[in-house]
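Trainee: Per TrEMBL, the feature active site, proton donor maps to His541. Summarising the annotation, TrEMBL assigns active site, proton acceptor to His584. What TrEMBL lists as FAD binding site is Val115, Val264. The domain 'Glucose-methanol-choline oxidoreductase N-terminal' annotation in TrEMBL covers 306-320. Annotation source TrEMBL lists signal peptide at 1-19.
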Amino acid sequence: MITLTHASLLSALFGSALGAFYTDPSQLTKKSYDFIVVGGGTAGNVVAARLSENPSVSILVVEAGVSNTGYRSELVTIPFFGPQASVNSPFDWNYTTVPQAALNNQVLPYYRGYVLGGCSSTNFLTWTRGAKDDWDKYATLIGDTSYSWNNMLKYFKKSETWTQPVDGHSTTGQYSPAVHGTNGPIGVGVTPQLSPIDSRVLQTTQQLPSEFPFNLDHNSGQLLGVGWLQSDVKGGARSSSATGYLTPALNSRTNIDVLIQTRVTKLIRTGTSGGLPEFKSLQIAQKPTSSPITLTANKEIILSAGSINSPQILMLSGIGDPVTLTNAGVNATVSVPDLGKNLQDHPLIFAQWQVPDNASTFDPISLNEDPNAMPNALAQWTANKTGILSSIGSNHIGFFRLPANSSVIKTYGDQSAGPGSAHYELAWQNGFVSVGQSFPTSGKYISNIHVLNAPTSRGYIAINSADPFKAPTIDPNFYSTDFDLQTMIYAVRSAQRFIRAQAWNGYALSAYSDSAAMFAPNSTDADVIAYIRKWTQSIKHPMCTAAANKDSSKGVVDANLKVRKISGVRIVDASVFPFIPSSHPVAGVYGLAELASDKIKSAYGL
């Protein structure tokens, strides 16, 4: 156990500070707070920071994971290292899935942030809010117009500050200033490192505009088309909820405390309120052998532990599907059958193309060829936060729909939120990038990323033991519907048409060996399916396991994100989305957390 006082420890980790930072429950100086936020991740840090704006209330954030500073923190700080932040690192829960039937029964890694900032500290740094149609459908399903795009836009802007790239290049024509914030905690901007393939991507939008139109700004509510990728990077470093929301609050306020490396093992019933069982206390522990400590929230507990851990904590507390709880050896006291159900995620696959040997690429292959490349890049980033390491590697991204006359739509119908929502996503990177594939030892490559954005497959998360330190069962159930598989096939074919545009003539020479059969001119759907089944991974977007719904017989939380059938507990994280957005979710989670903060403040007159 670290024996520094919380004040000196916080100073060591964060600099001068006023809030208290604890690494062990024994350091706590009190056992009750007005609000206890469970999870110092993307949403939890937003809520904690916003509530702490009122000096009359006290807030404790309990985070299971580690600090985002210190040991190996370069993985959660340097943007280019984003894909490595979850792999064999101290910042991940190291979860795995059950065997995936549609993926040759493979067991997949299921990355979740185990660090202050949560997945905002470990994700791929892709900043998209979703389509207007996504949010308008949320408002309809939840029965609350505050979730509509027109209302959410102010919360999206509130969460961000548009940041000019550190390389100083002109961003004219790369985004729309009108739709972005100028005074929020999270820095957002386009790439600080232009790439040799940028011009080819943009030329393709001009040569094939009907399928690949240019979109000035994906965050305008109009999601579709190819545009400059925006990322949550500020001054050449990752901008997370830990750096943007939590640290400034700790450094300026005395009413917010943080406890890390500590798990909430269950909620404790404290009485009855309004005819409902009230849960305003919880137990915490650092190890299975630790004696649990009970903490109490005077006003409410806010679960922001994410789509896996928020349902897990409720289930361990006897709240959830009675059959699931009984099978796990937990006494079921409150029946919430949908808890843990409706798990949705975006599956992705990578594919690569070989390019000329004289091409300028940046990946592990080029680093091996030039042993000075990484030391030089690190020296440059350390000196002034510029260079290739200040970027996330991808400069453009595209969101697309299946044509209305496609066989997929004709057979299965449109499964998206509306005509402005995406069915699939493509992105391009100047180098060899993948999850799971072996990297070649030589050659130059570019990579194509394919994502299924409107999945109809539904999985689940469930506890399998009463032990809070045992990982839950996780089943994303990828490609359990024909719609999903056929849409990913279409995405692959679409990427094939993109890379065969005139702009790539003489540059994209041949497909990498793993994908050669899939990209062959005479390839069949069977070739594509074989590749999909072998190489699909999660893009790290599990959502919807505690969904909000206006129908009191469905979902888990109401329009104010209060857990149904109990009192004293609210959920604010990605689990409450009714369905997964047709984009990367982090910007949407920030926006939802800003809205939730206002709802909580209003409920208590803060």
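Even glycines carry a Cβ here, placed using N, Cα and C.
On a predicted model such as this, the values are computed, not experimentally measured, just so you know.
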Trainee: Most Cβ neighbours within 10 Å: which of the binding-site residues Val115, Val264 is it?
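Mentor: Comparing the binding-site residues Val115, Val264, the most crowded Cβ belongs to Val115.
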Trainee: If I restrict to non-local contacts, at least six residues apart, and a C-beta distance under 8 angstroms, what lies near His584 (active site, proton acceptor) in its own chain?
Mentor: Asn123, Phe124, Thr126, Trp127, Thr128, Ile539, His541
Trainee: Going by DSSP assignments with H, G and I as helix and E and B as strand, what are the residue counts for the domain 'Glucose-methanol-choline oxidoreductase N-terminal' (306-320)?
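Mentor: Per-class counts: 11 helix, 2 strand, 2 coil.
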Trainee: If I take every residue in the domain 'Glucose-methanol-choline oxidoreductase N-terminal' (306-320) and average their pLDDT values, what number comes out?
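Mentor: Per the prediction, mean pLDDT sits at 98 for the domain 'Glucose-methanol-choline oxidoreductase N-terminal' (306-320).
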